Every structure is written in C-alpha cells, then in structure tokens.
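Features as listed in TrEMBL:
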COMPBIAS  696-710  compositional bias 'Polar residues'
COMPBIAS  1043-1062  compositional bias 'Basic and acidic residues'
COMPBIAS  1132-1152  compositional bias 'Low complexity'
DOMAIN    59-153  domain 'Ig-like'
DOMAIN    157-247  domain 'Ig-like'
DOMAIN    262-350  domain 'Ig-like'
DOMAIN    355-442  domain 'Ig-like'
DOMAIN    448-529  domain 'Ig-like'
DOMAIN    537-628  domain 'Ig-like'
DOMAIN    614-702  domain 'Fibronectin type-III'
DOMAIN    707-806  domain 'Fibronectin type-III'
DOMAIN    811-899  domain 'Fibronectin type-III'
DOMAIN    903-997  domain 'Fibronectin type-III'
REGION    253-273  region 'Disordered'
REGION    688-717  region 'Disordered'
REGION    881-901  region 'Disordered'
REGION    1043-1080  region 'Disordered'
REGION    1112-1152  region 'Disordered'
SIGNAL    1-42  signal peptide
TRANSMEM  1011-1033  transmembrane segment
Amino acid sequence: MPHTQQHQVGSRGRRPHLLLHPILLLPLFSLLLSHAPQLSQGAIHIPSNYQINEFKKPPVITTQPESITVFGAEDILLTCEASGNPPPDFRWTKDGEEFIPANDPGLSVSPGSGTFMKTGVVSGPISQYKGKYSCYAENALGTAVSNEVQLITENTPALQKEQKVKKKVEEGESVVLKCNPPFSTVPPVIHWMDERMHHIELNDRVTQGRDGNLYFSHVTVDDTRIDYTCNAQYLSARTILSKEPITMTVTTSNSVVRSRRPQMMRPSGSHSTYHALRGQSLELECIVQGLPTPTVQWVRKDGQLSESRTSRHLFDRLLRISNISDSDGGEYQCSVNNSQGKVTHTYTVSVEAAPYWTKEPVSQLYAPGETVRLDCQADGIPSPAVAWSINGKPITGIDPTPRRTVRDGALILRDVVFTDTAVYQCQAHNKHGTILVNTYIFVIELPPQILNADGQKYNFTEGQKAVLQCQTFGSPRPKVTWERNSSASLLAEPRVNLLTNGNLQITNVSHGDEGLYTCSVSNTNLSINADLDVLNRTVILSPPGSLLVQPGKTAIFTCLAQVDPKLTPPHIQWKRSGQELFQSYAEDKYTFEGPDLIVANVQTEDEGVYTCEVITNLDRVEASGSIIIVGMEISIVLFFIFEDGDSKERGWEELKRVSGTHESVTISLQPYVSYRFRVISINNIGKSDPSMPSDLHSTPPQAPDNNPENVRSESTDPDTLVITWEVRLVKSNKDMRVFNGPEFHYKVFWKRVAGDTTWYSNVSTEPPYIVTEVGKFSAFQIKVQAANQKGEGPELDPVTGYSGEDFPLKAPQNVAMVLLNSSAIRVTWEPVNEKTVRGHLLGYKVTCTMSMFNSRPKEEKRVLGGLRPYSHYTLTVTVFNSKGEGPPSETLSFETDEGAPGPPMSLRLDSHAGTEMTLHWTPPAQPNGVLKGYLLQYQIVKSDSPMQVETIDDHKVTHLTLKQLDPHSRYRFYLRGRTSAGDGEPITREGATTLDGGRVMDMQTGFATQGWFIGLVSAIVLLLLVLLILCFIKRGKGGKYSVKDKEEGQVDSEARPMKDETFGEYSDNEEKRTASQPSLCDESKLCISDDNLDGYNNGSIAVTEVTMEDSLVSQYSRPSEATPDPGTLQDSSPLNPNTTTNGLPNSAAILD
C-alpha cells in the first residue's frame, strides 16, 4: 500500500488560521462527481464554491491502449494516458512480466505519459514485441491499471507463384471463381475487377461471397472474358495484392438450354449453425444456383425479423443483423424459388455475450470512520467471474482485515482510515473476454468553510417561511450554531429549525423575529451575520363580490389592497375561471382601471368566477367574485308522468322548458308508454302551482329504434363465452325499460374470428347469454339485436369478445434488481411472449417478500419504495391476466443499504439528587443498520437556554447520568440513535430533578398533559353522569310489569301480528323490559353475541384488514382462553391472518 497523505489542515476547527493562506478554486472537483450511478454511503460531495489551496488526486486512466496488429516496426504504438496529482508514473507489463520501453533503443516513451512507439532501428525480429500488455499509472495515492491489450505481429502479405486458371463451361451452368487471398488476422477487402480496373458488375445472378469468391448462378455467353482479377486490399498493411487473371469461356450448346431447379452454393446443404456475440453484427449468406435466376426470401421461423436491426444486401443474398441481442437467438430461413422448384436453408443462431457491466463502482471521497460499499456487477453468457484487486494486486494476495469483506461482487470497507486510500480494480471474465474498471477510495479530512457571504440582508413578509442561509462544508461535516443578537440558541423556539445544510428556517415569521443573526461553526472562528427584515403582508381590503347583472349591462369588480411601502408597487392580475384576462381595446370587453375590472355588455357566456391576484416581489394574495345573469322573463315548464299497465304513477319529471310566450310545444315520446302532462310557470321570484294533469295518452308500439349498448363478453371459465349487454332504460325514468312494443326480446349472434366463421344465434330475454364448449381464450365476433312483436332493431356492427381465459404458462425472464437507495429498488424484466399469456395481458405483479404491486401491461420496469433499510428481501415477478397469475420468476434475494435508525423504544428518567438525572433507554426497534451510538440533546423547558449535546459513541451503552442540572427547572430530553447513514428520529421526554433525592417520573409531552384537554375530559365525564342520573329517574317511573307481560316481552317480534295502521306507533303488544332486562345490548351494537359474530363474518358487511409487523404482533398478541373456530372466520378477517412478514415491512410504496 503506497503512503497516503492525510489532509488535516484546519480539520475540526483546530487550525483555522491556515485558511488565511492564498486560495484558488479547485476546477478538478467537477471530475470527481462525473459519474451518475448510486453513490456509496458516507461519500463527500464537494460544492463548486468550496476553496482550497492544495489537493491531491489518485491516478485515473484517461486514454486506454488498444489491441493492434503490426506488419512492421513502424506500426508499433501503444497509448496510455492518465491524470492525477501528483502526476502519475507509468510502467508496463508484457505477458505478466515487467516491460520497460525506455530500455529498448528502438522505442521511445512520450514525456509525462505511458505511450511508447517505434522511433529508432529495431534490432531483431518484429515478433519479439508480440504479447499481452498492461499499463500501470501510480502516484502516492494508488495505482490504476489499464485494460489488457494484445499486440499481434505479422509479415506483410505476399503472393505466391500461381498458375493461370482457364475455365471452359457451357451456357446455363453454375460457376465459382475462387480468390484464395493470403491469410491475415485482419481479413482483406476483396474487389473483383477487369484489366482496366473496372469492377465486375454484381447482380442477382453474379454474387461475391464473404469468402471472396465470385459465384455465378448460371453463366451466359456475355460472361466470357480473360481478365477476371481478384484484388485483395489489406488496410492495416497498406497493401493491395492482385491475383493472376482468370479466363472463363462460355460455349453455347446446340440444344436448347435446359432450366434447372435451385440449389445451394453457399452455404451448402439444408442447415448450418452460427454463434454470435451480443452487440456485434451477424451476416447470413444465401448464394444459390439455378435457371432461371432464383429469387430469395428471408424469414424467421420462430418470430419476426427486427425491422430496425436487419438489412438485406447483395440482391437479398446476404442478411445482416446489427447489434445482436439475446432475443436474436433462434432459427432463420432463406427460401429460394424459380419456375423449376424451391429449396430452403435453415440457420440456427445462438447468442452469447462477452462480459458487460450492469453496475460499476464510483470513485468518491470519504471522511475517516465512514462505511464504503463498492458495487460491481457484470453479466454475460456464460456468466462472468468477478474478482477485486487493490492497486493492481489481487485482493486474495493481500493481508485480510475484518473491516474488508467481499459479498456478491460488492467490496465493503467499514470504519475507513487514511491507509485505505487506494485505486481498486474490479475485473469480470468469461471465455469471450475480460473487462476491468478502476475506482478509487480517497479518505480525506477537509477544513470547514462557510459558503455564503457575510452580511446578507433577507426580506420576508409576515406569515412566510424565512430561510437564512449558512451552508457549510468540511470533512467531517461542520457543526453549525445560530444566535440572535448575541443571545442563546434559537432552537428552543418551536418555529425555528436548523436544517441539515446549516440554514436556519423560521416558519410563520413575524415582526418580533427581526434583527441580526449570527451563524458560527463550532470549534473555529468562522462566522457570518445575516440581517432579517419582516414586512407587512399584503391584504385585500375590498375584495370583488358576487354581482347580479342583467344582460347587456356593465359589471364592475373592485380589488383594493394594502401593501407595505417597502415592497414594490403591486401588480393586479385578473382571471376568469382560472384563465388570465387581458384588456381588449378592439371590443372594449374588459377594461382595467386601477383596482377595478370593468366587464361591458354582459351576456350569458360572461357568467363565472372572477379572481383578482395582487402580486408583489415578495408575496401574492387573491380573492374571487362572480357574475350571475338575471332577468324578469317568464318561462313555462312542461312536466310529464309515466304510468304502467296498472295505472300506477311513477313520479313527475320535467320534460321541456320554453319561453312564457309559447302556448303549445311539440315533444318526442317513447312508443308503447302511457303519459299524463301538467304545466307550471316560473320567473325570478319562484314557481307557480301546477296545472291539472291531462288525460292519459298512450303511444302506439313500434319496432325497436335502438339496440342494447355496451355489448361485450364477460367470460371467466376457459370453455365458456358469456355475452352480456346494458339494458336500455327511459332517460327520464331509470326504472322503465325501452320496449317500444309487446313481446320484447333480444337476438344474440356469435361467430368465431378464425376457423369456423358461421354465424350462430339464439333468443334471450335478459342478459347474459352463455355459450359453452368454445375453447380457451378464443376470439369471437358478437352482436345483440333488440326485437319485439313489431320487428327488429337496426342493423348493427359486431364487436370482438373472447371466451374465458386460462392461467398464463410462462414466467418473466431476466428479472433484475438495482438498489436506488436504502429504501427503494428498481425492478426490470423482459416481457413474455403474448401467446403464453392465454388471455388479455393485464400486467406484471412484483412480489417483494410479503408485499405485492402491479404494473401496466407494457411496462418492463418498476420502482418499489418504502422498504426497510439494512434488511433482507426476496423478489419474484409473475404475469397475470383476468384469470390469475402465471408461474413466478426465479427468486431474487437482496439486501438494502443502511439507513437512519428509528427512535429508541423507551426512555426513562431517574433522579436521586437535586442536581443529577440518570437516563435509561432501550435501543431502537428498527436500527436500520449497524448502531454506532447515540446523540442526546437537552435544554430547560420554556427558556432561551442553549441546547446541550452529549455524544455517545458506544452503542452498548443504555444509560447516562447528567450532573450539575438546575434543581428548580424542568428539562426536555431528545435521544437519537446513530448509524453510518446519520442520526435517526428522537424519542422525547420531559422531567425534573427532585430536591429530596426521590425518584422522578418521566413524562411524555403531548396534548394529554395540556390544561384545555383535561378540562374537556372533565366536562364530558360530568355530562355523562348527568345523563345516567336522568336515565335512572326515567326508568324509576316506568311502573311494574306482570308476569304475562314479561313472558310476552320475550316473544320474537316477527311472530306477532302487526296492523298497517299501527306501523311505527307504540303498542302494548310490543316487547317490554324489566329491571332484569337492561336495554343497552338490545338498543345498541355495543354487545354482540357469538351468534351475531357469525352473522357478521358470513354477511355482506365490510371487514377491514389490520396488518401488523411481526415485532408488534409478538408484543401484543396473547393466547386467548377460547379460540374461535377458524371455519367461522373469513380468510381476510384480522382474526384469521394467513400471512406473516418475517420481521420485514409488509407493504411497499410504488415510486414513478
């Protein structure tokens, strides 16, 4: 481990004088925050305005070397650049052994970097440089390692002596002209050309293969030539080789050229296998012979070809798949056709993957004592192995320490110290390659600074939330205190809060809060002043009101406000129904005159709510009024009433409203219905008495004019089609159906979408109509037509419905999880094939331990929040349709990061002396991590005394004695647990010491100890006593009852006759009660017998589930003397829980 400098200048306020040295901004801080993944716990994030005079930085590789193939010494160039402070030194290894380029006279190294190249004469063969190279950049803070690269050496390709090739073929035959270029690890680019260096024309008959050969599906006389030349271009070697020209002579046959059926030329046979790597490209060839020239078509046998990532080349003889993914694995087929026949070739493609990162560790700064977690996760096919190194040395070869653990690819360091500063390498490897990432841990102390300027002035209006800024930074985090006019701490005031960033927040600010405030950093001489000025809030003195306006008149709203003279002149913004109004000069509709809004020529469309908003530079207030149109016109309202066949009235309904000048009106009525009518008149004052009803009017029947609405399938059984619809009702009377005539019924039609497409039909009088034995989740076209004695309803278009669904077959694949923070994760998965859903895909259900939540059908990821920090969870994903869920995915297990703890479970106060107090507590029920200790704050109640702080660094301590307390004062205590994630929620108690050495009882502060609450409870108790006395007096006057009456009182009320005229009145036959039969249980629901309890469970009442954590259940659950029969309880009843939480949260919130 290299020596690590400890930056302790001015740390913890012990050396503030060093801050007076010349300073300069640190521009490289932005580089430290350039990564976006989740940060480790306790990481330091340096603000851009923090200033420091000197800062060291571990090495970071900025330019990686790359693998190369060289054909001569002049091609040798391996780059390696790195940054750091101090500037790093560089070294190389070759095949695992140290390699010093500077010692080779033929090589030179660039100053200030690790890059070396050939500059001189190389002695010996070039093959001496062949090997695998790694670059190391190191300074005092650590060593960074580059990717391992390979340098391949080859001789420049050259042609061997060849014999000239002459081919003589008959017209119509297939021919292959071979190129056979010299081998190179960098394949050449092939060009077929003639002696004039013109390219041989390629088409669907003449094709160049990936092997460089020239393929003729069949030759013609025009193909005769003596200069078919193959040119091989080696780009890396900067060489072009021209092969010997090939002569091809095509002779004509005396007979007619015979057509030939297609045959495969490349690849041969009917099947071939290909292996592809994720992210690369794959090319499939289909070069064929035949006469006439065959056509080629590509299909994917087990799915659809991707339109965005597949392309066809060389006249469909080549299919290229770009950016290969796992979903591209499967079977592809080229189908070749001509007039003589057809041939196919199948390509089986399997996809594997070199390692790739799914989660990379992040370089960060840390304060001593923090816990660091470096997450390193990689994926690939096959799955890669992950290994850690420190400064380039494998962690397995470094002395172990209990503070350092590796778990599931994550490196965890607890209680970091300065010597933990280093560059850590995470490497993932499988048979397809290796990837490496460097990340550094820099343990550092930075002197505290106040980042806000001194003497700032803050203006707020009364009632606002004032924030005085005092943002600080340092490592460890500086402790900030605020004072006002050199007085004690302000935190005793409940309206005043010290924010975590050092700012002071005052809610509901008032004039009494004005003055000079001082922010100081503890244990330093750093401080700034802030001046707070509180202005009068803006008040609307004359708000707009509700105006009754006749059409054509003018409405005037007034909005007069009082504004503090120190504020800017107010701006009044008028709105109508939430939309801003602007002065209309052309139409003169809206006019703004000072505080007034003038609305001219008011019409019906001007009705609405008008709002004035008074806006200043510090606050805004608003008030609203309205415009209501009024008039003296008289309206006539026509009412009607339905009657059924028994002439039973169903209630009067309003039918139409017309102007008072009308004496008649034409209305539309429902066929096959009896009506009566009456009329009333109405004006602004009110309504008149109704007229006498008209005679009964019955409309004649007619065929239905409409069909049922919302025709649909509601199938649940896999072999059943349930067709249902909405019964049409009279709009003005929801109790009457629309029949339009006698013998009303429905004609139900259905047919399959695929297969047997015959329409089937039947008749029904009520929905639904059920068709059986139709298969699982089959698509049908359905329609329902209304009909009666007069005919049928109009023709209608069918809708699509489905028979009952079945459970999904497959589980989602590639389920993955990413920790977002200590209480939230992101879950991702690949969608299932819709054919396996066997129903409508409603979504995916994510089950985390005992909690579940659903996603939408097209979603492939979801954020799950509300998890408990530092806890173990299991997670599965299922797909579901209307029938239910499919099988779950493979179970994922994960652990959440540490979080701030919950409050201690108890806090008890003991006092045995007038100036001492002993506090006893129990640890938090939810530590949410590794408990590091406690923070105790206390101060005198209702005073301006400063808040006292005691830090307890031992988590095993459960009591503390405070001395030198004021025996005449009452104290309030706040106790919090502490983890690496921060301070938790406090438990609060109040208490005072005892002068006689007795024991003090601690009290919880709350409304139960307030005087108003005690008085309210006393009044309620007194009122209850008075009511009880009145009840006893009333019962004493009730007289005596005979034995016969007593027996009759026990008879069930349902067994006694009841007369209609006496319903609801008192009767001597009603149940009577005696002194031995109190009425409390009979007249209220406070007493429930066992029989009644069964009724509740088996009835239709709502049962609310109350779910508790296991820890709470274990504390409050006790075995009962009489265990109820489980068969009488509903599954969802709280008396019969069927799930457990395993001590983990049983619910989680979904985050978008």
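Positions of Cβ are set from backbone N, Cα and C atoms, glycine also.
Annotations in TrEMBL come from automatic prediction, not curation.
In terms of DSSP secondary structure, the region 'Disordered' (253-273) contains 0 helix, 10 strand, 11 coil. Over the domain 'Fibronectin type-III' (811-899) the predicted model carries a mean pLDDT of 84.
Away from its own ends, the region 'Disordered' (253-273) comes close to residues 170-172, 174, 176, 209, 211, 213, 215, 217-218, 285-292, 294, 336-348, 350 of its chain (Cβ-Cβ under 8 Å, at least six residues beyond either end). Packing against the compositional bias 'Polar residues' (696-710) from elsewhere in the chain are residues 643, 647, 669-677, 725-728, 738-742, 744, 746, 767, 783-794, 796: each is 6 or more residues past its ends and has a CB under 8 Å from a CB in it.
The stretches the domain 'Ig-like' (355-442) and the domain 'Ig-like' (448-529) are in mutual contact, each linked to the other by at least three Cβ pairs under 8 Å (pairs 6 or more apart in sequence). Here the domain 'Fibronectin type-III' (903-997) sits apart from the domain 'Ig-like' (157-247); fewer than 3 CB pairs are under 8 Å, leaving out pairs fewer than 6 apart in sequence.
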